[in-house]
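Undergrad: Quick one: the structure is below, and I'll ask about it shortly.
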């Protein structure tokens, strides 16, 4: 997908971050007065990207960015939830025809989750405009859209009864309104559901919902052509808490694996999320010029915690180095020979290492190869130097050749 990458500092003026995240703002890591400035650590990579586009007057860009973000959350390290963690973002900024870049973002998520072999996953897709339309049709006042959104978003974690009582009890909606919302937000499906909602007498009268459903239909047609609809579900309960989304939103979740009797073991929840945020760049542009954007964020740390757990269970060893050969010597006083040889290998682009000891024992050196999974050892001793050769040993089979 050939994007470019760039970096930005992890701290920003506090006002850059505030007002962009809605109810989640309480998780922003604020750094009190730093020499007269109120700063905060970045909460994600999307807001800094939008600011970068606005500051540099860029109207068209495709990029990926892997970096740390910070959230003042309650950590649950067993589930891959940290206060400081890496995200990997892909974003496409620019004025394009509807849903083409959006479809590519979903394809990227699908490709990553498939290639990492994390087991079965589901990418849920919705559109902020469809939600707004649903709320309007259910006569929810606009002032309550955002808070209702964050309640609806909990449907994947708690049953409808609890969500309903939060709507009525805490968010002050009428029981009738809550029940009407319930009829919509519990729906999930594919093109068939989109067609059905387009025929819905009330929703089809709502301008926002109609736009959203039209785009959703287009999106699902493109996703079918990209061959990924099997793992994608149009899910009306998906709301994503953030304020800055304007259109399509998505979230990828891993489905419970076979060993589901260990409840805790794999409940990592969402591993990727994203959507369209057409208004964000305009917030940073002094003239309010907008740049449409769509992007997706992969939760690297969460994915790692799953992979690590899986490796532990299978007892597999992971090579933590790419070293191809260890330069070794069987006798004392052969550090110069090792340094000369390793330098030649490095210059030739071969990944090589040696032990940082003047006179290591040969056994120790070979043991190191076994421990770290280095496949070859290049051995130089007196005899080899005299003959002008290097003895190359295959660590696993112990077969040696002179070169």
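Along the chain as shown, residues are numbered 1 onward.
Placed from the backbone N, Cα and C atoms, the Cβ positions cover glycine too.
No curator has checked TrEMBL annotations; they are predicted automatically.
Pulled the feature table from TrEMBL, pasting it below:
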BINDING   44, 45, 46, 71, 87, 91, 240, 244, 245  L-histidine binding site
DOMAIN    64-330  domain 'Aminoacyl-transfer RNA synthetases class-II family profile'
Undergrad: Hey, which of the binding-site residues 46, 87 is the loneliest by Cβ count within 10 Å?
TA: 87
Undergrad: If I restrict to non-local contacts, at least six residues apart, and a C-beta distance under 8 angstroms, what lies near residue 240 (L-histidine binding site) in its own chain?
TA: 153, 249, 251, 273, 275
Undergrad: Tell me, how many other CB atoms lie within 10 A of the CB of residue 44 (L-histidine binding site), whichever protein chain they belong to?
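TA: Taking every protein chain into account, the count is 22.
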Undergrad: Determine the C-alpha span of the L-histidine site listed in the record, that is the greatest distance between any two of 44, 45, 46, 71, 87, 91, 240, 244, 245, in Å to the nearest whole number.
TA: 21
Undergrad: Find the average pLDDT over the domain 'Aminoacyl-transfer RNA synthetases class-II family profile' (64-330) in the predicted model and report it.
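TA: The average pLDDT of the model in the domain 'Aminoacyl-transfer RNA synthetases class-II family profile' (64-330) works out to 88.
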Undergrad: Take the Cβ of residue 245 (L-histidine binding site) and count every other Cβ within 10 Å, whichever protein chain it belongs to.
TA: 28
